[in-house]
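Participant: Quick paste from Swiss-Prot:
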ACT_SITE  His19  active site, proton acceptor
BINDING   Tyr14, Tyr64, Asn66, Asn112  tRNA binding site
SITE      Asn9  site 'Discriminates between blocked and unblocked aminoacyl-tRNA'
SITE      Asp91  site 'Stabilizes the basic form of H active site to accept a proton'
Amino acid sequence: MKMIVGLGNIEKKYEGTRHNVGFMVVERFVEEHGGNFNKEKFDSLISELFINGEKIIVIKPTTYMNESGRAVRPLMDYFNLTTEDIIICHDDMDLEIGHLRLRQKGSAGGHNGIKSIISHVGTEKFKRVRVGIDHPQKMSVVDWVLSRFTKEQEAKLDDGLTRAVAALDDWIENDDFMNTMNRFN
């Protein structure tokens, strides 16, 4: 069993914002696998999928971004998962829009959702799919991550979301994250 977590803010006003890229990844992943987020447990919307005979739990925390760990830890405990079994999809300002960077571990890098997960699971050693949202040019970081993409940026983002879903599929199919990293980084 594996768990895929998409980070974002659940309120309608945040849909389509840069900070919700993690939600966009898991929403597309679930849609492409014919599922939906039809369960709610431990401050999360949940989709349970079976891919190649393996149960895949996909979650969107309903906490605010900065409290994501409060949703992730109880679900890990409930499903008896370790950090080896989970992957977190989130936005990254240090990458150009739509670019991917897969990592096996690392610091929060200023991302408060990741910081919360590290705090609640007690380690930095969990997989991540980081999707670029670019750096703010002339606005504050808060205003930037809560802003929406331009039409031109949406096309680049769409390519990134497609590649992120392909990376998740690769990880599930081959169960070898190092090879997935080599293919998608």
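Note that Cβ sites are derived from N, Cα and C of the backbone, with glycine treated the same way.
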Participant: Would you list, in sequence order, the residues of this chain other than Tyr14, Tyr64, Asn66, Asn112 that have their CB within 8 A of the centroid of the site's CB atoms, where the site is the one recorded for tRNA?
Facilitator: Asn9, His19, Thr63, Met65, Glu67, Ser68, Gly113
Participant: Do you know which of the recorded positions Asn9, Asn66, Asn112 has the most other C-beta atoms within 10 angstroms of its C-beta?
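Facilitator: By the 10 Å Cβ neighbour count, Asn9 comes out on top.
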Participant: Using C-alpha positions only, work out which of the recorded positions Asn9, His19, Asn66, Asn112 is nearest to Asp91 (site 'Stabilizes the basic form of H active site to accept a proton').
Facilitator: His19
Participant: Just report the maximum Cα pair distance in Å for the recorded tRNA binders Tyr14, Tyr64, Asn66, Asn112, no decimals.
Facilitator: 16
Participant: Whole-number Å distance between the CA of Asn112 (tRNA binding site) and the CA of Asn9 (site 'Discriminates between blocked and unblocked aminoacyl-tRNA')?
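Facilitator: Asn112 (tRNA binding site) and Asn9 (site 'Discriminates between blocked and unblocked aminoacyl-tRNA') have their Cα atoms 12 Å apart.
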Participant: Rounded to the nearest angstrom, how far is the Cα of Asn66 (tRNA binding site) from the Cα of His19 (active site, proton acceptor)?
Facilitator: 11
Participant: As a test of the contact definition, list every same-chain residue at least 6 positions from Tyr64 (tRNA binding site) whose Cβ is closer than 8 Å to its Cβ.
Facilitator: Asn9, Ile10
Participant: Could you tally the C-beta atoms, other than its own, that fall within 10 angstroms of the C-beta of Asp91 (site 'Stabilizes the basic form of H active site to accept a proton')?
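Facilitator: There are 25 such Cβ atoms around Asp91 (site 'Stabilizes the basic form of H active site to accept a proton').
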Participant: Is Asn66 (tRNA binding site) helix, strand or coil when read with DSSP?
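Facilitator: Helix, per DSSP.
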